[in-house]
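Contents: one structure, followed by commentary.
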Amino acid sequence: MTDNEHEIEQPDERVPKRVIGTPPPGTSMLGTAEVTQAEEEAPGVNLQDETKARKAEKIVAFCFMITFVAAIAFIISYVVFQVGSPEATGTSNMALGTSLTVAILSLAIGIVVWVRQIMPKYSLVQERHPMVSDEDVRGVVEKTFIEGANESGFVKRKLLRRTLLLGAAPLGLIPLVLLRDLDNSKMPGSQFNKLLRHTVWGEKTKDGKPRKLVVEGTGQPIRAADFNSPGGILSVVPEGYEHDLNALAKATLILIKFRPEELKSGVKQNWTHDGIVAYSKICTHVGCPAALYEQNTHHILCPCHQSTFDAADGAKVIFGPAARPLPQLPITVDSEGYLIAQGDFEVPPGPSYWERGDAEAEARAKGGQA
Amino acid sequence: MSDVLTSTPKAVSGPANFLDERLGGGAFLKRNLRKIFPDHWSFLLGEIALYSFVVLLLTGTFLTLWFKPSMMEIAYDGSYAPLKGVMMSEAYASSLEISFDVRGGLLIRQMHHWAALLFVAGMMVHALRVFFTGAYRKPREINWLIGVLLLTLALAEGLTGYSLPDDLLSGAGLRITEGVAISLPLVGTYITFFLFGGEYPGGDVISRFYSLHILLIPGILLALVSAHMVLMWVQKHTQMPGKGRTNQNVVGAPFYPAFMAKAGAYFLFTLGVIAGLATFTQINPIWIFGPYTPADVSAGSQPDFYMGFLEGALRIMPPWEINLFGTSHAGTLPLSVLIPALVPMGIIMTGLALYPFLERWVTGDHREHHIADRPRNNPHRTSIGVSAITFYGVLWLLGANDEIAANFHISLNMTTYAGRVLIFVAPALAYLIAYRMCLGLQRSDQAVISHGVESGVIKRLPHGEFIEVHTPPAEDMEAHLRGKEAVPMLPVAEDGAGIPPAGMRGPLGRLRARMSKAYGGEKIPLEDGHGHGHDEHAAIEHGEAHGGDEEHAAVGAGGDDRSLTH
């Protein structure tokens, strides 16, 4: 049995004791401690082995030399590589970025080797004290506070106190009042939402004609007879407002050509022309342009949050977070055959807001079609 | 060793003397030069955010030297040929100029963007570290609140910065911001008209965002970051449990010289990694998208990662909208915008801010804590945290559901339907799994303490049975495990007459008592006593003589033998 007991002791020496967690600083990967305690000068400060430190110094010096070279390379690259075309910019970016990265990283590596191999290992201890102040200190502060409050007369002199508060109250409002003119339109705030109800489609052009639909980008008016292949789609903006972002944010259209038999009851037929239907392109969810169209299914898809509208059925919502259909714009053709707006949208296009109300029901109550 | 410093060199003592005679900083330095900083890899996460912030300030200043925060329409006349002559805002034109016509401009612009991503990511993982180790507890609640405020402001800072280049992508973000702002009940239209100077997009928002982005928000951030640092310095950093570490001390390396040098190197690493990312990884190639117009959007538009969860929330929301007063011009509540825009952010930020106070209310723990918890040792806290991460993660993934659908060939609609279910199911599931994992890890600690660790030595007993010899764990590892402390619990026990203690009687009090009972207490005691067959062999060598029989009573549910050493 004595042999047995001896065996129990054995694993102690044969097995590395540390089994979980990170090795302590100074333990090499192979398990033997390398920190020499011999030169210890203060408790908790373990100096490094001098031969190891000397080797480390060379590595650190090498790192710092790389930094020197790379930093010079950065300055040279700045002078040598000019910009001015995407290719040249790419080359310059690569040269500048690489030299900067190398310079900084090798400096960082050098310092880390310095700290870990040359500076001592520390395990110093410092006391903590509770954050709370001593009782007598708190007592003195409290006494001082009460004395000062009484000396100032703030407690005793009610008139002073009350008029001070009275005076300060409106002062606090001034910064808010000053922000009122952030809105440049100078109209009463209650009128803001009225602007959102109208788009430029409701206005005649300068010479009193109805506004033409023009293709986004080119500004070309659209002859109905030319827009004749079913499944065709155009992004359309109002004539005269091709570059007015405020107008475009509400008035941009998506124009789709259908075969007459494809149109379902949701589409207001007398707002179309020969199977051409115009919907607001501004999504009724949060206002992204609903720019994607799938010909086979007639689905309009907003790429931002994937609200999906059935273009053949009044752009009613069939999927996604949008709650309302894309408003349809009444269109027709002028005497030359160009597509024009009959009038404005019946309901406000774009995202919902507090003052919008159930504009769709309101429109139906008014008798629907313009 | 002749190169040893025996007295302070003139170059240092001269200025030091000058300053001390005028400022008297000697006492401060005496106290603080050798201030001790405890070491743990997780303590470095916050530093990533700090150093990214420094990089942001430096690179951002560089960008302001060329950037023109103006929405004035001009024809582009720079060196990027495909956009020559295109009408665009001065903001976009100057962003292109920085990218193509200023040497190092593209590098610094990309560094600024990468640093912004790393800034927010660093704050997030740092916040998680603080949360899971309970480092927000007294006396650090104020610093925790500052941190929550910093994170919120960083999101606002990111949002304003994202909009500045005024390319098509940043405009899409701005449009969504407008759609969210205008949906707010009562004040929505007012807020958008004040923000945009009238109707969207107007001609003011870039210059307004610019002053917010480069002056107001960074100013507040800088002040709060400084306060965050000062409080950390004054309160001293928490430390992980371990040998010789108590609630009344700090064990680690001194500020001067070791910590100082390490921190400097760490700043350089952060800077170097950001520079490397900016060099080799293209980010936000604004020239591809073209100038902003409200009429266009590019498919696959994605916000920066930290806004992804809001995007996901918007995407999975069902199409709900209420008109409170029918057709009258008021009372529209676009719930499909309001709920996703406000609720997830509200839950996460409010939850973070209130957690230290809720936990104190539930546990009744008013002590100071300087030893960090290991996450497993407070299983309910850890599960709540994991549950919140899952909630956030589901929203974040769904923010890219179009990419998921396209890359994995799943129906887009299915991803949305799945998201609507997962947003409720996944956090609950994550809670349960995390809770079980915590208990399992606690059991493994228990096994190490009471049975020792596997030695790899197989022994044959006289009657032929083979056993593996267990040895006691190393001293410092044992100290690390023994740093565990039961989660405090309110005195909830009813007295002899079945009456609960004062403060636990009303409906709220009863809820508090029940929560305290569930949240607090020792789930798996470290010592499970003896009597598990051959494990006794390990106990022979066990250094600690205490424990054992007294603890038998406490074994309870944890007493069944599930130790992982078998």
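Glycine is no exception: its Cβ is also placed from the backbone N, Cα and C atoms.
TrEMBL lists A:1-16 (among others) with the feature compositional bias 'Basic and acidic residues'.
Residues or ranges marked as compositional bias 'Basic and acidic residues' in TrEMBL: A:355-370 (among others). Under 8 Å from some Cβ of the compositional bias 'Basic and acidic residues' (A:355-370) lie the Cβ atoms of residues 193, 196-197, 268, 270-271, 324-325, 330, 342-343, 346-348, all in the same chain and six or more residues away from its ends.
Marked as domain 'Rieske' by TrEMBL: A:271-340.
As annotated by TrEMBL, region 'Disordered' applies to A:1-30 (among others).
If you look up TrEMBL, you'll see A:351-370 (among others) marked as region 'Disordered'.
Taking Cβ pairs closer than 8 Å, the transmembrane segment (A:59-81) reaches residues 88, 91-92, 95-96, 99-100, 102-104, 106-107, 109-111, 113-114, 117-118 in its own chain, all 6 or more past its ends. Among the features that TrEMBL reports, transmembrane segment is placed at A:59-81 (among others).
Per TrEMBL, the feature transmembrane segment maps to A:93-115 (among others). Below 8 angstroms of C-beta separation, residues 56, 59-64, 66-67, 70-71, 73-74, 77-78, 80-81 of the same chain, each at least six residues beyond the ends of the transmembrane segment (A:93-115), sit close to that stretch.
According to TrEMBL, the feature transmembrane segment maps to A:159-179 (among others).
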Query - Integer average pLDDT (0 to 100) for the domain 'Rieske' (A:271-340) - result: 94
Query - Remote residues contacting the transmembrane segment (A:159-179) - C-beta distance under 8 A, at least 6 residues beyond either end - result: 153
